[in-house]
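> According to TrEMBL, the record shows the following:
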| type | residues | note |
| --- | --- | --- |
| REPEAT | B:11-42 | repeat 'WD' |
| REPEAT | B:57-89 | repeat 'WD' |
| REPEAT | B:102-135 | repeat 'WD' |
| REPEAT | B:147-179 | repeat 'WD' |
| REPEAT | B:191-222 | repeat 'WD' |
| REPEAT | B:312-344 | repeat 'WD' |
Amino acid sequence: MPELINANPTIYTPSKTSHRILTEKEEQEEFEDIIDSQEVFDLIRSISDPEHPLTLEELNVAQLDHIKVDDANAYISIEFTPTIPHCSMATLIGLCIRVRLLQSLPERFKVDIMVRKGTHQSEQAVNKQLNDKERVAAALENNHLLEVVNQCLSTAHRRGNARR
Amino acid sequence: MTTRLYQIAELKGHTDRVWSVAWSPTGNVLASCGGDKTIRLWVSNSDNEWICTNVLEGTHKRTIRSISWSPNGRQLATASFDSLVGIWEQEEGGDYECVATLEGHENEAKSVSWAKSGTLLATCGRDKSVWIWEVGTDNDFECLSVLQDHTQDVKMVMWHPTKEILASASYDDTIKIWKENDDDWYCSDTLEGHESTIWAIDFDKTGEYLVSASDDKSLKLWRCYPPENREGIITDRNEPKWKCICTLSGYHQRCIYTVSWSKVHGRIASSGGDNTIRVFEQEESTISSNMTDKTNFSMIASVTSAHGVVDVNCVQWYPTEKHPNWLATAGDDGIVRIWQLAED
């Protein structure tokens, strides 16, 4: 087995699953769902870490407080926290978050994904790459990389619920 | 009197994001390419209907990022994420055939530009290199030089409108100018000033000015000062010095992916991640024989949501006097649109 980059990560207890109480208006079919930070968090919290059988929420990589959503202006900013400052998986984790949101959110949203300030030694380089649409498009045409991303995303649908 | 852009055609056919559009030198054909790995050619008929006359496919295995016509309009060059550069030629029956593929880039080729003389081709890519190719007879392309001065991906290459001088724009936040001396290509100047990736560049019709579009949400205009210039700008090694004379910021709200400088009327169009096309014109009070650091451009027209809620990847002014106010755009919605700038 290859050496792990972070062999002993701190594990956090997931917050409660969000059980939204739908208002009568929200239950009507024609109601257009407004996206908020809880919804975005639910979409990404159960993505698996590339090197541990744990979710981004369990590793505190994804945190609700670090997601900002401006629905009216269709803008989302997400900061994620690598488990260690020299984590070489940071770009891959960011790519997984981006792909998950590309697949799940309405097209109108513009999303910036960044490493939380001060949590990675190559913060700027990682941020630049993650927000370069050409680099992302090319990465998604790389079958090997896509396979790894899809593996990490295979648990994403759980939205914080226990393993099934 | 107000100036505005209105849409005159919507060209549907691509099944994925359209990355680039290019007018043929006469403006008779518009070529487009993108994520569906095809090149489409569009022509308007006598009823002003736009028809897709050709779909060129089969050669590239990944996204086709960029497209450039040869100056005689007989050939097309394409740059693809599959690392190859394709050369396409029209056969007698009207179909296009891929007559050569240029191998050399290690991974994604991102831009291709055909020199106005027709004898040189430039390409660039994620491998940080710029390649200069000589166009031989019988579709024989020989690599003359591999230029590795950029420290990151090279996003775009663009030839000077009359001379064999090349400009390249990079993820390393700089633009480089390349020249030839006795078969030796070298970097004659590095243009610094943008704070993030430079996605696109275009020369004005004289080639003495350059406009650049960046992820820092600004456009910059650069002027070429020859040695011993009257303005007293210091030059080095007897090379001309490029200097930023004007920065247009506060307009685009997100990354600017594309810019086009009309060779006919001098207006500049740009667009990008804020879905908005903007057209800039030099302010009359600042027009003199040369543009200087007093030169200012103001926005005269804009269209928000030009491709709905998605990014605009490319804008291109029509190349000739026939329809100088036409502008073609390519979007993440897979659609190519043609706009007209009109005063009403």
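Placed from the backbone N, Cα and C atoms, the Cβ positions cover glycine too.
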> Report, as numbers and ranges, which residues of the same chain sit near the repeat 'WD' (B:57-89): CB under 8 Å and 6 or more residues beyond its ends.
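Beyond its ends, the repeat 'WD' (B:57-89) has Cβ neighbours at 16, 19-26, 28-29, 31-35, 37-39, 96-118, 121, 123, 125, 133, 135, 139, 141, 156.
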> Work out, from DSSP, the number of helix, strand and coil residues along the repeat 'WD' (B:102-135).
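Residue counts in helix, strand and coil order: 0 helix, 19 strand, 15 coil.
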> In the same chain, which residue numbers or ranges, 6 or more beyond the ends of the repeat 'WD' (B:312-344), come under 8 angstroms Cβ to Cβ?
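Here the qualifying positions are 1-12, 14-23, 25-27, 30, 32, 34, 36, 40, 42, 50, 257-265, 267, 269-272, 275-277, 279, 301, 303, 306.
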> For the repeat 'WD' (B:57-89), DSSP counts of helix, strand and coil?
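Its residues divide into 0 helix, 17 strand, 16 coil.
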> Looking at the repeat 'WD' (B:11-42) alone, can you tell me the average pLDDT?
98
> Residue counts in helix (H, G, I), strand (E, B) and coil for the repeat 'WD' (B:147-179), per DSSP?
0 helix, 17 strand, 16 coil
